[in-house]
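Annotated features, as they stand in TrEMBL:
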- E158: active site, proton donor (ACT_SITE)
- E234: active site, nucleophile (ACT_SITE)
- 11-324: domain 'Glycoside hydrolase 35 catalytic' (DOMAIN)
- 369-478: domain 'Beta-galactosidase 1-like first all-beta' (DOMAIN)
- 503-561: domain 'Beta-galactosidase galactose-binding' (DOMAIN)
Amino acid sequence: MAELKVQGNDFVYEGSPLRILSGSIHYFRVVPEYWRDRLLKLKACGFNTVETYVAWNVHEPEEGKFVFEGLGDIERFIETAGELGLHVIVRPSPYICAEWEFGGLPAWLLADSSMRLRCFDQDYLKKVDRYFDELLPRLKPLLCTNGGPIIAMQIENEYGSYGNDKQYLNYLKEGMISRGMDVLLFTSDGPEDHMLQGGMVDGVLETVNFGSRAKEAFEKLREYQPEGPLICMEFWNGWFDHWMEEHQSRPADDVAEALDEMLREGASVNFYMFHGGTNFGFYNGANHIQRYEPTVTSYDYDTLLSEAGDPTPKFYAVREILSRYTGLPELDLPEPIRKKAYGDVKMTEQVELFASLEKLSEPIRRACPEPMERVGQSYGFILYSTRISGPRKGFELVLQDVRDRALIFVDGKYVGTVERWNPAGIPLEIPAEGLQLDVLVENMGRVNYGPLMRDPKGITEGIRLGNQFLYDWTIRPLPLNDLSDLSFAPLREDEASAQEETPAFYKGTFEVNEKADTFIRLDGWKKGVVYVNGFNLGRYWEVGPQQTLYLPAPLLQEGSNELVIFELHGTSTAMISLVDAPDLG
């Protein structure tokens, strides 16, 4: 029986020492048609292992409804890696961080305000158990102890950065073991005292995560784990981007030097990331350290493969370092995936959001403007509507704890935006006959790391005029996961620029003779979401840094293709461009 074991300071597999040279590829961030391509490139670079998180919210998007196909077909991803001769490390902990929405936790957990997350809370653990009952039996045949490629599994993720509940950690450990997970189990934490103290589990290998100063990090680990193989479970060789900030990058020679230091220490390594991929749909996460910072759609991460899967200078720099420590054959890469500039695409049809509400949502009457999760919604937008009596003067409209960005409309006319990071009120004068107030809130991604992860969306406290809370609301959830019923009308030449500050859907078509990867450039568009053939590519926002959206070829079809844009603020153009190179800022 094949098994990865710990013997002294070494990993041993099938009787021989094994240095784990791993790279992270998240199956849920890459279209399945490209999994083999990315894994082949991982192997060509000199790696012997692939690591992936498992995103609970991908597999159980609605409570009790499980998804294991398409982007969620984890079994196929692991099987493909095994066919290519790669080992697999799987991290199925309920929480994954990963700059992923809510750290991989399903948003519907927040419907129960009394539930406590990531601790020994019975209500939370019942949900985890049901998830494990679905997930882990699918992984069991793929364990190395059963002839599969999975050599190790993680219990929880960077738990010492969040808490210190050992009863909870041991519950997860025993839950995995009792369901047949008989491979090497581990945890991973930052190399700091409180993190290691909080995250370590008796009888479980501890690993550390860092981006530099390997010797210092491993010395700290040795204070808590005097014996055992050294492995950096997340070597941060790049970084992620937030909207409204600069694009992040790290020089290739700096990464190569840090890797060389690690390997000189005799350590194993997992590159986080080898290939980042894309936060398709509404799955981007956010940080909240000093302020709320939503993550962009691209998860390029400035790493060894670009978002579109092309080798970067880091790929070659890392391969050269790896070749010093292990025998590598001649570089053999798959054929490059073709990129194509399909040119301009004209939006020829349009329909306004407020004219489409009956097609998109059923109204819900509530006294208070409830958050998304309380009305059974996880992602997208939510609309709150009420009437305010008049006359009134000298008051501000206050959105108490808006999450995350709200457009305010009075009698159908846009009057301003209130943002989580800029929550200033909006002056309102109410005429004698009163007015109609509509508040359209965008969920820009739940916090995925730290003590502020409980992040319900929409209006979470209330809406006030001055100090008076407003009641009697009509709520319309707008997840925008199916736009097929929209009633589009022809868009006249002069109409696009006249739609300033009017949320609307725009539709255009383009022809494809030969499918290739491409990138959508949205000059003149302000903020919104793009769909291609019904698939939600993700968000765009003119503030950047990201200025293009990656459109992989498998989402296209030969012949006519449909492109729909949901634009929040109106556009000065009816055109977008399909170009052959990305612009990440």
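We count from 1, first residue shown onward.
Every residue, even glycine, has its Cβ placed from backbone N, Cα and C.
TrEMBL does not curate its annotations; it predicts them automatically.
Secondary structure at E158 (active site, proton donor), as computed by DSSP, is coil. With DSSP classes pooled into helix, strand and coil, the tally for the domain 'Beta-galactosidase 1-like first all-beta' (369-478) is 4 helix, 64 strand, 42 coil.
According to DSSP, the domain 'Beta-galactosidase galactose-binding' (503-561) comprises 3 helix, 34 strand, 22 coil.
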